[in-house]
Structure formats: structure tokens, C-alpha cells
Amino acid sequence: MNMQEVYKYLSTVLPEGHVKQDEMLKNHTHIKVGGKADVFVAPTNYDEIQEVIKYANEYNIPVTFLGNGSNVIIKDGGIRGITVSLIHITGVTVTGTTIVAQCGAAIIDVSRIALDHNLTGLEFACGIPGSVGGALYMNAGAYGGEISFVLTEAVVMTGDGELRTLTKEAFEFGYRKSVFANNHYIILEARFELEEGVHEEIKAKMDDLTFKRESKQPLEYPSCGSVFKRPPNNFAGKLIQDSGLQGKRIGGVEVSLKHAGFMVNVDNGTAQDYIDLIHFVQKTVEEKFGVKLEREVRIIGEDKE
């Protein structure tokens, strides 16, 4: 279907300024790479998401969903069809020890809201840069905590635009994975069950984790965080470091000198630079140690022609 027609129609469904054509997706990822989206939309509520899905299904237009782009590489050829950004779906409510957070809310902000209400259980998330939806998608975690420990249920939207509530068991959580990598559900909101705690103790733990993160991670450069999952009985960063790969650069992307588990965009790198460096690191580590590193970061989109 003609993308100009898609743009025109969706402009009548969403608020002014929330539908764009040929939007550069590098502006919507932490690593600052990615080509153009044919049509880029940023809905503000569930009804608008349903309208987009209904329209896309009617005309067989592919739809790709983005959170805040913290753990994704979008290829240099961009994304065909409709790209839906969920960054405006950000509501958070607190009732007793329960927090309900919408998909586009930053998980860091949710952890701070928990602190404000003297609730413990989300301290580990105080340095995770992703959205709530992304955190559920990959069962995000850090410093011994992970989303699956505190999630009780979630509201999702099916590929037909139907709303469903899923219990935690349906997520099939594992280490940095969930069922959402293999189905077409869109995570809309999550319910977290926390415990009452002491404000000063919660804050002290968050301050400690923030200090560790800032002292060990290359936050001064664009990155996607940890590139690889932790292999059994080992650490990806240590294997990469012991392979002598810190500082290895392809194009504008290099293995961080500060933390070997990170790859940083130091000089206008491209998605292809990033992908090539990932493959080089995987090949080198496997040759030296016999360990095949598994990607944690998602790669989506089309290659540049």
C-alpha cells in the first residue's frame, strides 16, 4: 500500500505531530543508529494503538513496536510499514504495595516511585535504562534482581487488537527472555507486587547500585547496555576482555575500554558497524575459549541497499 495514504489516514486518528513519514529511527534508539521508518506513529492511549492495528490488519501492513530503544539495534535500511513508538503510554499508579505501570514508563522512574512510597523490591531496576514493556519482554535484571521476581500480571494486546490479562506463569520467564519473543502480543501494562520497606534503607541500596553502575559502565557514550547474555559459569565481559578485544573498533563502534561487555558508538557509527563488531567478538571468543556468546540486544529492520 502507498505509504503516503497510510500517513494521511493515521494523521486523522492520532494527535497532531504524532504521525511522521520517513522518520530517522536513530533518533529513537540509545545507540543512535537506524534508518528510516516508512510511517512512524506515537499513540497516546490504548484506543489509538487498537486503531493502528485494525488499520494495519485491514490492509496487511507490517507493524513494528518500539519502547524507548535502549536494547535494540535498528538496521541502516530502517523499518518498512508502520513503526509504533510506545513512549507516550506512561501512566503509573500506586495502591498499597501494588504498582501498575504502563508499557512506555521508564523502569528507572517506576523504581523511584516505589522509593517515594517506601516500597522495596524494585531497587535493582534503578539503573536499567529500558521501558516497562521492554523490561518484561526480556525479563530485565541487574545485581541479583529481575522483573520476574516482582511481576504478578500484565495486560497485553493481541495481534487483533484484543486486550487480555496474563498471569506471571504465562510469561515463561527465563534468563533475559520471555514468551513475548515468540508471539505477537504487545505488552501494555504491568502489575508489580512489592513490600513495605524503610525509605532510608531503600534509598541507600539504590544509591549504592547507582554508584556501581556509574563507576563501571561507559555511560558517556551511546550504547545498548550489555550486548551479550551471561554464559553459564562465566561472564561475557571477562571472556571479551581476556580475548584482548577491549578497544577493538569497526567503523564508529568499539568494544568499551571501561567495560568489555558494552559496545559504544564513539564516532557516528552505523548499525552495520555494530552488527559486524558483534559477529567479530562472537567469532573471536568462540575460537579462543569455545564459548558461543548469545546476543542480549535485539536486531530489527532491513539492511541498507
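Cβ coordinates are placed from backbone N, Cα and C, and glycine is handled just like the others.
Under the heading active site, Swiss-Prot lists Arg176 (among others). Neighbours of Arg176 (active site), defined as other CB atoms within 10 A of its CB across all chains, total 19.
According to DSSP, Ser226 (active site, proton donor) sits within a strand segment. Long-range Cβ neighbours of Ser226 (active site, proton donor) (same chain, at least 6 residues apart, Cβ-Cβ under 8 Å): Ala236, Gly237, Gly261, Phe262, Glu296, Val297. Feature annotation from Swiss-Prot assigns active site, proton donor to Ser226.
Sequence annotations record features per position, and here Swiss-Prot assigns active site to Glu296 (among others) based on similarity to another entry. Following the DSSP three-state reduction, the secondary structure of Glu296 (active site) is coil. Cβ neighbour count for Glu296 (active site): 20 (other Cβ atoms within 10 Å of its Cβ, all protein chains included).
In the predicted structure, the domain 'FAD-binding PCMH-type' (33-197) carries a mean pLDDT of 95. Feature annotation from Swiss-Prot assigns domain 'FAD-binding PCMH-type' to 33-197.
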